[in-house]
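Copied over from TrEMBL:
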TRANSMEM  12-31  transmembrane segment
TRANSMEM  67-85  transmembrane segment
TRANSMEM  91-112  transmembrane segment
TRANSMEM  133-152  transmembrane segment
TRANSMEM  158-177  transmembrane segment
TRANSMEM  184-205  transmembrane segment
TRANSMEM  258-277  transmembrane segment
TRANSMEM  308-330  transmembrane segment
TRANSMEM  336-354  transmembrane segment
Amino acid sequence: SRAYSLVDSSQVSTFLISILLIVYGSFRSLNMDFENQDKEKDNSSAAGSFNGNSTNNSIQTIDSTQALFLPIGASVSLLVMFFFFDSVQVVFTICTAVLATIAFAFLLLPMCQYLTRPCSPQNKISFGCCGRFTAAELLSFSLSVMLVLIWVLTGHWLLMDALAMGLCVAMIAFVRLPSLKVSCLLLSGLLIYDVFWVFFSAYIFNSNVMVKVATQPADNPLDVLSRKLHLGPNVGRDVPRLSLPGKLVFPSSTGSHFSMLGIGDIVMPGLLLCFVLRYDNYKKQANSDSCSAPGPGNISGRMQKVSYFHCTLIGYFVGLLTATVASRIHRAAQPALLYLVPFTLLPLLTMAYLKGDLRRMWSEPFHSKSSSSRFLEV
C-alpha cells in the first residue's frame, strides 16, 4: 500500500508513454536502416554489408568528442535560457514550433502512408525549389501544421505532449550511438550534468536552474505580434502563454498536480536502447550467416535468448520507477538520469561481459560483413 501510494495515474501514464516512445523510435530507426540498405542495393550492383552507421545524410552519428562536449553545450544553453529567457523566448518558441512541426509530421508519416496507399500512388509531387513529396508526406505535414496552430491558439497540455512525442521519436530515429564506449561517455556526462543542475545549481544561482527553465512559460508569438503591430487590445491578446514541448506532462486524477518528465530523460536512454536493438539484429544476422553457436559455453542457453534490448528496456523501467518514488519521498524534483543511467548501463555491461560481447560492443561493433535481413525476433 505504501509503494502504491507513491505512484499515481499521472506517473503511470508517464511510464507507459515514455517506454512506447523509446520502443517505437528504436524500431523506426532500425526500419530506416533497412530502407537505406534497399536503396543502396538498388543503386549499386555490388553486394553491400550491414553497417550500423547509415550513409543517410539526415542521420547524425555521435562520436566521442561530441559525446564529451554535449553536456557542456547543454549547460551553456541552459544558462542562456536562465539569464536571457525574456530576450530570446519568442525566437526560441518559433524555432521550437518549427522543429516540433517537422518531428510530428515524421511521427504521423506511417499512419498517413497506410491511409493513402489504397487511393493514391506513391509517386512524388514536385513543388519546385521546395522539393518532391508523396501524398502521405503532404498529408502528415498538413496535419502537423494544423496541430501546432491549435497548440499556439490554445496552449493545451495534451497538444504540447503530442509535439514532445514527435520530438522524442525523431531524435531517437535520426541520432545514432556508434558504440558502447560513446554511449558510456555520453550518458555518464549527462548524468553529471543532470545532477549538478538539479541538486547544486541553487547554491550558486539561488534558484534551481533546471526546474525554472523547464517550467517557465513563454509569451505567445501571436500576442507579441499583435503588440508589435498595434493591432488593438482585442486582437491576439486572449491567447495563453505557452509551455514549450521540452517535456511530457500528465495531470493527476485529482488535477492537483502534474507529473513531468523531460524529453532528454527519454531520448538519451532511448539512444542506448536504439543502439542495442541494432546490435541484437546485427548479431542475429552474423550468427545466422556463420551458423555458429552463440556465446561461450559457460553461459546458459536461457540467458543467451535474453536480448540486450529487453535487458536495457527493463532497466529503464526500473530506473524510471525508482526516480518517481524518490521524487515522491523527498517531495522535490529529481535528476531522472541519476537513476536511469545506472539501471540501463550496468545491466547492459554485465550481460555483454557474460556473453563475451563486451569487447566487440565497446568499439566499432558493426564493422563486419553480413547479409541484411528484415527478420527480427522481439
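Cβ from N, Cα, C; glycine included.
Just so it is clear, the model here is predicted, and its values are computed rather than measured.
Cβ atoms under 8 Å from those of the transmembrane segment (158-177) belong to residues 17, 21-22, 24-26, 28-29, 32, 52-54, 58-62, 99-100, 102-108, 144, 147-148, 150-151, 183, 186, 242-250, 263, 266-267, 270-275 of the same chain, restricted to positions at least 6 beyond its ends. Residues 180, 183-184, 187-188, 190-191, 194-195, 261-262, 264-265, 268-269, 272-273, 276, 299, 303, 306, 308, 311-312, 314-316, 318-320, 322-323, 326, 361 of the same chain, all 6+ positions outside the transmembrane segment (336-354), place their C-beta atoms under 8 angstroms from a C-beta of that stretch.
Same-chain residues lying 6 or more positions outside the transmembrane segment (12-31) and placing a CB less than 8 Å from one of its CB atoms are 161, 165, 168-174, 176, 248, 250, 259, 261, 265-266, 269-270, 273-274, 277-278, 281, 309, 313, 316-317, 320-321, 324, 376. Tertiary proximity for the transmembrane segment (133-152) is limited to same-chain residues at least six positions away from its ends with a CB under 8 Å from its CB atoms, namely 97, 100-102, 104-106, 108-109, 111-113, 115-117, 120-125, 127, 159-160, 162-163, 166, 220-222, 239, 242. For the transmembrane segment (258-277), the residues of the chain that approach it from at least six positions outside its boundaries are 8, 10-11, 13-14, 18, 21-23, 25-27, 29-30, 52, 62, 157, 164, 167-168, 171-173, 175-178, 180, 183, 186-187, 190, 194, 214-215, 245-252, 307-309, 311-313, 316, 319-320, 324, 336-337, 340-341, 344-345, 348, judged by C-beta separation under 8 angstroms.
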